[in-house]
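*Asks:* Please read through the structure below; I'll follow up with questions.
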Amino acid sequence: MRTGRKKRIHFSKIYSFKCVKGGFQDDHLQIGGPGFSRVVFCNESDGSEASLRRNYATNYVRTTKYTALTFLPKSLFEQFRRPANFYFLVTGILSFTSLAPYSAVSSIIPLFIVIGATMIKEGIEDWQRKQQDIEMNNRKVKVHQGGGTFVQTEWRHLKVGDLVKVEKDEFFPADLLLLSSSYEDGVCYVETMNLDGETNLKLKQALEATSLLTEEQNFKDFKGVVKCEDPNANLYGFVGSMEFKEKQYPLSPQQLLLRDSKLRNTDYIYGAVIFTGHDTKVMQNSTAAPSKRSRIEKKMDKIIYFLFGVLFLIAFVGSVYFGIATKDDLEGSRVKRWYLRPDEADIFFDPARAAIAAVYHFLTASLLYSYLIPISLYVSIEVVKVLQSIFINQDVHMYHEETDKPAHARTSNLNEELGQVYTILSDKTGTLTCNSMEFIKCSVAGTAYGYGVTEVERAMAKRKGTVNGKYVETPLSDSPKRSSVKGFNFDDDRIMNGNWVNEKHADVIQKFCRLLAVCHTAIPDIDENTGNVTYEAESPDEAAFVIAARELGFEFFKRTQTSVSINELNPVSGKTVERTYKLLNVLEFNSTRKRMSVIVRDEEGKVLLLCKGADSVMFERLAKSGREYEEKTREHVNEYADAGLRTLILGYRELSEDEYKVFDEKFSEAKTSVSTDRESLIDNVTKEVEKDLILLGATAVEDKLQQGVPECIDKLAQAGLKIWVLTGDKMETAINIGYACSLLRQGMKHITITLDTPQITALEKLGEKDAIAMASRETVLRQITNGKAQVAKSSSEAFALIIDGKTLAYALQTDIKQLFLELAIGCASVICCRSSPKQKALVTRLVKEGTKKTTLAIGDGANDVGMLQEADIGIGISGVEGMQAVMSSDIAIAQFRFLERLLLVHGHWCYRRIATMICYFFYKNVTFGFTVFFYEAYASFSGQPAYNDWFLSLYNVFFTSLPVIALGVFDQDVSARYCLKFPLLYQEGIQNVLFSWRRIIGWMLNGVCGAIIIFFFCTSALNPQGFNKEGKIADYQILGATMYTCVVWVVNCQMALAISYFTYIQHVFIWGGIALWYLFLLAYGAMPPSISTTAYKVFVESLAPTPSFYIITFFVVISALVPYFTYNAIEMRFFPMYHEMIQWMRHEGQAEDPEFCNMVRQRSIRPTTVGYTARSLVKTNPLEDSNSNHR
């Protein structure tokens, strides 16, 4: 934590470059055109022109899904979009007609309970959003009320054009144009964590013309007109102009303060409201994430449709039979089914209108058999998934103490999908690595410095048995002492502690270190009590460079509006001196330029351009006279890349006054251009000056692997998951990181697809674009075809596919991408280098659509958002690069290693629980529904229900609902320890063995079998002999109550058999559900006959006193469970699934036997499996043998 008072920093040109008024009018033409039509009158009263702002959005923001008026209709529409709910609505409406075999109330109330529970859940969630909206809209800010007076006003009352005063640590209430601040030069510091998650401060600067308005009274007569772009979602762009005191000034993102960002390290700012409410950029970015549904949920819909088919089929068959039987009821004066009174019947049983009677019976049967469809299925699954998400969030094994961040399931829709992942597509920087850069090596004037050993070099040493002696001059076991300075792990006495002055090229080293200390956009933060300097930098790389310069004796300590100051060692006097460089221009880094430069004037009056950038763009910009150290530097850069380091090339040039003047005029003109192509104009101008550089050397920073990454990848590989890495790094760096994290292993053959061929290089020199494109396409196609042939020849060898972004552009073309995917699937691992964000998303889509299996994308930066949203499951790493990936993800974790537990434990459990839960739901409804069908058939398809109306209605809602929820939340086939010990278990989800059609139909047939046993055993036992001691026979009320009792016992005991892990809650729910049925039967039977109807005292007077009732219940329950028990015992003994194998091992005490455990583990290892376990096994025994018995 920082202590002490901070010095005020005067710095305005770091982003704004240089504000120039000339040349503005010609480039102002787009303002007022399409996309640039917004006109804001600042500080105007509600006059004629100012009234224009009334057409703009208010500053009231609503993020709720519903309003008080739309909640009921909209939420009802959402519920009845589901086919099952809509069907129950139709049956509920029909229950008010004479077609219904039961009372309307008993049909409608369960539907109300189920729909109501879901609507209450939706309502609570939306109410919480409403409370957040109220809190935000009622925040207060000072607004100008005229006469130079600012008064507190609620955010929601702000209007476009209002002038506001925002004070330190307050949020900006709208998108504001920065007019001035408490600093003299109109700068302010902004924290954008709520927008992009980045914690480093951004610097904003007001126009020079308004920066002097620092007092409230200055705004008494302030007038200004802003013309700018229309509302859009681009957080990092803004084009506009401001007319102030009859002069035009260009506006850039540097003057725009975005809503929800916070003012930091600045006492106050004044601003004009430009965009309000839903027009603000943060709200424009608040688009709904793509809707994702799990494969199980989609398949569940198909099962529902299948059951609808079964329902309508048996209703149709029964209706046809009923129609035929009704037609034959009257044979002259003889009546076959006299109890239906067909001679006095209306349409329902009239033999003269048998066809119509059959149609009516079909409608009645459709209502009666509706209990085949589980009415509470959807709401039960929603409840279970929410509870599962809570357990994921509270898992202490996925809590990262260092950052105080637990796992966070941002959606519960995809819990079971975590157990079915087939392919993982991962970013590298910040995901596999820490994105915490350390300066470890450098090359200056062709000499390599730095003795540090990287993690990649350690992995290479294990792989090759040696380490490159050129750089690692100390043995691996005796690594250099680690620096205590964060971001600096450099050790070389030749240039540390001022020893650089004794080196042969001391002058080059001096320029190299000066460039590191001056060429950046970092902000110094000085503690006045201790004098220590810390830095706020845009990226970890940049912070590492400034810290390295400081540790080497070139300390950057001060930045003003127009200068940069450093303390450096004077090689002549041997004393530390202060040097100040006048800051003329900053040419910013972006992904297209791949470099950044500063133009400064030193104390001797020389104009210097200092530049650092990627080797791919820097070497081509060197002057002929500046290539003295090129060969050696290239060699060092390649070796650094082999060591897994990130490299930058450093160069400089001296500009003449005339040359700089010409550049400055062109650059100023490009900067003041108010058009959408302003960035390209700036790039064209900067290319003209960033040339003829003199090479100084190269830097190498290490981005260390996150803790536990190799172990995690090894476990995931053992589980059978395919792992792809999509990175923007160089191919050599990505390959060596792949070895370090066990994604690649020794002996693995590389299939490299690249366009770095002599033919393509020759064509590129000629510059013939069409010829280059055609040749590139043919080259890629040929390499992919050759790669496929290579893989097809050997099924026992492991292949790694490596492709760069330039080549990937051709591989993703429509007619090639399928071949590319087939090759990639045949390889053990895939690494895509130099990939753009769009390419990451396209590759993810290709894998998802091509394999038809679950894909998971994991990343930590804004460049990973497209990939996360395209994948079936998006995992965001809450790391150094901000929160944009997290905000676009389905689940957020703090470290890559937590993915192991998330998938192998929670994924496996959630998949098994949801799959078993749904299968059980259909089982219990089929069991119940078919007893209704059999009884109706027994009653000559007369539409007579077997059970009392309320027995029918409460079956799903009360007597069988809670045990299945307990199964979905608490059941475990094996413990978390065994899930991690035997990754083989995860294959059950990948192969979908627990929710295959075979298993689903098996559960349904179990239900049909149980229904047959219950119905025929009960009817045979109760008819025709005497039921009680008086000799009375059992009527249909007694038969119905007895059958219902057997059904409740059977389905709850079936649940007890299906559960692998009992808790007290499950015991309470299972046996409590059965007890609840008896209590209900007592209470309901005690009600008057007008209410209880056929259940009136049926338990007290008929069932309870009769021993045969208990005997029948006991034997029927045992008989109905025997088929499942027998099948399960045979499967467990002779055809065990993976989890059953582990259960047997635990039961037999073999789970702790290392030899036996290794034998079981090897069943998941293939010759192509990556990870260090497979690497060690391939050395000791052929993997083919270990897999010979694999199922």
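Placement of Cβ uses the backbone N, Cα and C atoms for every residue, glycine included.
Remember, TrEMBL labels are computer predictions, not curated facts.
Grabbed the feature section from TrEMBL, which reads as follows:
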ACT_SITE  ASP427  active site, 4-aspartylphosphate intermediate
BINDING   ASP427, LYS428, THR429, GLU542, PHE589, LYS612, ARG646, THR727, GLY728, ASP729, ARG834, LYS840, ASN863, ASP864  ATP binding site
BINDING   ASP427, THR429, ASP860, ASP864  Mg(2+) binding site
DOMAIN    41-108  domain 'P-type ATPase N-terminal'
DOMAIN    886-1136  domain 'P-type ATPase C-terminal'
TRANSMEM  303-324  transmembrane segment
TRANSMEM  358-379  transmembrane segment
TRANSMEM  921-938  transmembrane segment
TRANSMEM  950-970  transmembrane segment
TRANSMEM  1000-1022  transmembrane segment
TRANSMEM  1042-1061  transmembrane segment
TRANSMEM  1068-1087  transmembrane segment
TRANSMEM  1107-1127  transmembrane segment
*Asks:* Give me the stretch from 921-938, 950-970, 1042-1061, 1068-1087 with the greatest number of Cβ pairs under 8 Å to the transmembrane segment (358-379).
*Replies:* 921-938
*Asks:* On average, what pLDDT score does this prediction assign to the domain 'P-type ATPase N-terminal' (41-108)?
*Replies:* 81
*Asks:* Taking the Cβ of ARG646 (ATP binding site) as the centre, count every other Cβ atom within 10 Å, in any protein chain shown.
*Replies:* 20
*Asks:* Neighbour count, 10 Å Cβ-Cβ cut-off, for PHE589 (ATP binding site): what number do you get?
*Replies:* 20
*Asks:* How many helix, strand and coil residues does the domain 'P-type ATPase N-terminal' (41-108) contain under DSSP?
*Replies:* 33 helix, 2 strand, 33 coil
*Asks:* Within the same chain, where does the transmembrane segment (303-324) have neighbours whose Cβ lies under 8 angstroms from its own Cβ atoms, ignoring anything closer than 6 residues to its ends? I mean 6 or more beyond.
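*Replies:* Sequence-distant neighbours of the transmembrane segment (303-324): 83-84, 87, 354-355, 357-359, 361-362, 365-366, 369-370, 372-373, 918, 922, 925-926, 929, 933, 936-937, 940-942, 1000.
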*Asks:* Mind giving me a neighbour count for ASN863 (ATP binding site)? Other Cβ atoms within 10 Å of its Cβ, every protein chain shown.
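*Replies:* Result for ASN863 (ATP binding site): 22 other Cβ atoms within 10 Å.
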*Asks:* Are any of PHE589, GLY728, ASP860 (the binding-site residues) within 10 Å of ASP427 (active site, 4-aspartylphosphate intermediate) when you go C-alpha to C-alpha, and if so which?
*Replies:* GLY728, ASP860
*Asks:* Just checking, which of ASP427, ASP864 (recorded positions) has the fewest C-beta atoms within 10 Å of its C-beta?
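*Replies:* Counting other Cβ atoms within 10 Å of each of the recorded positions ASP427, ASP864, the minimum falls on ASP427.
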*Asks:* Between THR429 (ATP binding site) and ASP860 (Mg(2+) binding site), find the distance joining the two CA atoms and give it rounded to the nearest Å.
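*Replies:* It is 8 Å, counting Cα to Cα.
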*Asks:* What is the interatomic distance between the Cα atoms of ARG834 (ATP binding site) and ASP864 (Mg(2+) binding site), given in whole Å?
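*Replies:* Here the two Cα atoms lie 14 Å apart.
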*Asks:* Return only the integer: C-alpha distance in Å from ASP864 (Mg(2+) binding site) to ARG646 (ATP binding site).
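*Replies:* That separation, Cα to Cα, works out to 19 Å.
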*Asks:* I need the CA-to-CA distance for ASP860 (Mg(2+) binding site) versus GLY728 (ATP binding site), whole Å please.
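*Replies:* Cα to Cα, ASP860 (Mg(2+) binding site) and GLY728 (ATP binding site) are separated by 13 Å.
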*Asks:* Might you list, by sequence position, any residue in that chain lying six or more from GLY728 (ATP binding site) with a Cβ less than 8 Å away from its Cβ?
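*Replies:* Correct list: THR429, GLY805, CYS833, ARG834, SER835, SER836, ASN863.
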*Asks:* What is the total of other Cβ atoms whose distance to the Cβ of THR429 (ATP binding site) is within 10 Å?
*Replies:* 25
